[in-house]
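I have placed the structure first, in the form of structure tokens, so that the comments after it can refer back to it.
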Amino acid sequence: MKLPIYLDYSATTPVDPRVAEKIMQFMTMDGTFGNPASRSHRFGWQAEEAVDIARNQIADLVGADPREIVFTSGATESDNLAIKGAANFYQKKGKHIITSKTEHKAVLDTCRQLEREGFEVTYLAPQRNGIIDLKELEAAMRDDTILVSIMHVNNEIGVVQDIAAIGEMCRARGIIYHVDATQSVGKLPIDLSQLKVDLMSFSGHKIYGPKGIGALYVRRKPRVRIEAQMHGGGHERGMRSGTLPVHQIVGMGEAYRIAKEEMATEMERLRGLRNRLWNGIKDIEEVYLNGDLEHGAPNILNVSFNYVEGESLIMALKDLAVSSGSACTSASLEPSYVLRALGLNDELAHSSIRFSLGRFTTEEEIDYTIELVRKSIGRLRDLSPLWEMYKQGVDLNSIEWAHH
């Protein structure tokens with residue numbers, strides 16, 4: 001077993017060796033390196049064919065028509081293109097958008113930008129388990145609501161929203177529905193031929209593909225329109241200009257092809273490992289599960305260890321690559337906004353660790369993790385005056401702390 005153990009698959013994944021091998025065939029002079037927009041020679045035609053195959057592989061995994069797949073530089077761009085693109089196109093109908101407080105920053109900050117441009121945004125608070133109450137969503141819908149953006153799987157706590165039900169509600173009212181599926185695609189079944197979802201964002205690097213490539217699904221029937229945010233040569237049906245990075249697209253396509261083949265068995269394996277990890281640590285005193293195992297993605301476990309500071313715990317667990325919060329915001333020392341939205345106090349939010357498992361995680365690694373976590377929590381609590389006071393029965397909330 002190699003140390004450190006990588007348990008941060010929700011931040012990024014290694015590229016699958018099969019994907020890396022494929023990418024290499026589309027880079028050099030003796031490979032297929034042409035520009036797919038070059039219509040006058042074989043180099044361009046071969047590149048275009050490779051892009052078409054990848055587009056089909058991505059559409060295949062999610063039950064879409066390949067013509068509905070628009071390539072972008074990643075899920076952040078897909079979220080921006082979907083939300084700004086739809087808001088700008090449909091603003092004559094209304095200027096009200098609904099999202100949730102636990103969305104990824106790529107959705108929240110895009111909505112904040114639209115607020116500065118005169119749109120009105122309602123941010124729904126989830127229930128304690130992280131799930132959005134559909135009655136609250138319905139109550140928030142107005143005549144001038146043009147867009148709802150609610151993610152499929154949360155990147156920090158792994159809860160799965162009922163996107164099928166939300167889609168039905170939106171379609172019945174003629175509201176565009178965008179789903180950020182970055183954390184769910186290839187891990188949970190998605191069938192866009194059945195779901196009433198209009199726009200869906202995908203990433204390459206969360207599913208063993210390369211970084212820097214993503215896609216946006218844009219429904220054709222009933223037709224959904226978006227305004228381009230990137231202008232140039234009119235690539236991708238005019239929705240996203242820019243020369244297509246064939247090697248990255250081929251890598252993403254291959255990753256999605258593999259995911260389709262292996263998803264069912266991999267889901268069960270990961271769920272087993274996640275449950276093994278939780279069962280191994282849940283009897284530690286003052287341990288809280290954030291989210292909901294029953295309505296949760298099979299690969300994410302978010303746990304708070306009371307009376308232990310999250311940053312010091314991460315230092316103590318130096319043999320494990322884990323995170324407190326998401327990688328995109330873990331550079332700041334603010335407690336996770338997702339956990340705060342669930343109603344956790346600052347202390348519990350600060351003492352949270354996200355374990356995210358993946359294709360190369362083994363049972364041996366999980367057992368080592370359990371042992372290490374148990375040891376580290378014990379050691380850190382031995383050093384903690386707060387833990388000592390708690391064990392003596394002192395109500396820590398009633399203490400007036402001196403402010404210097």
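Backbone N, Cα and C define each Cβ position, glycine as well.
According to Swiss-Prot, the features are:
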type	residues	note
BINDING	ALA75, THR76, ASN155, GLN183, SER203, GLY204, HIS205, THR243	pyridoxal 5'-phosphate binding site
MOD_RES	LYS206	N6-(pyridoxal phosphate)lysine
BINDING	CYS328	[2Fe-2S] cluster binding site
ACT_SITE	CYS328	active site, cysteine persulfide intermediate
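Annotated features, which come from Swiss-Prot, shown on the structure.
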residue	record	DSSP (3 states)
ALA75	pyridoxal 5'-phosphate binding site	helix
ASN155	pyridoxal 5'-phosphate binding site	coil
GLN183	pyridoxal 5'-phosphate binding site	coil
SER203	pyridoxal 5'-phosphate binding site	strand
THR243	pyridoxal 5'-phosphate binding site	coil
Least surrounded among the recorded positions, given as HIS205, LYS206, when other CB atoms within 10 Å are counted: HIS205
For SER203 (pyridoxal 5'-phosphate binding site), nearby residues of its own chain (Cβ under 8 Å, 6 or more apart in sequence): GLY74, ALA75, SER78, THR182, VAL185, GLY209, ILE213, GLY214
Rounded to the nearest Å - Cα separation of ASN155 (pyridoxal 5'-phosphate binding site) and LYS206 (N6-(pyridoxal phosphate)lysine): 10
Site of maximum Cβ density within 10 Å, from binding-site residues THR76, GLN183: GLN183
For the residue listed as 'N6-(pyridoxal phosphate)lysine', the one of THR76, GLN183, THR243 that lies nearest, given that the binding-site residues are compared by Cα: GLN183
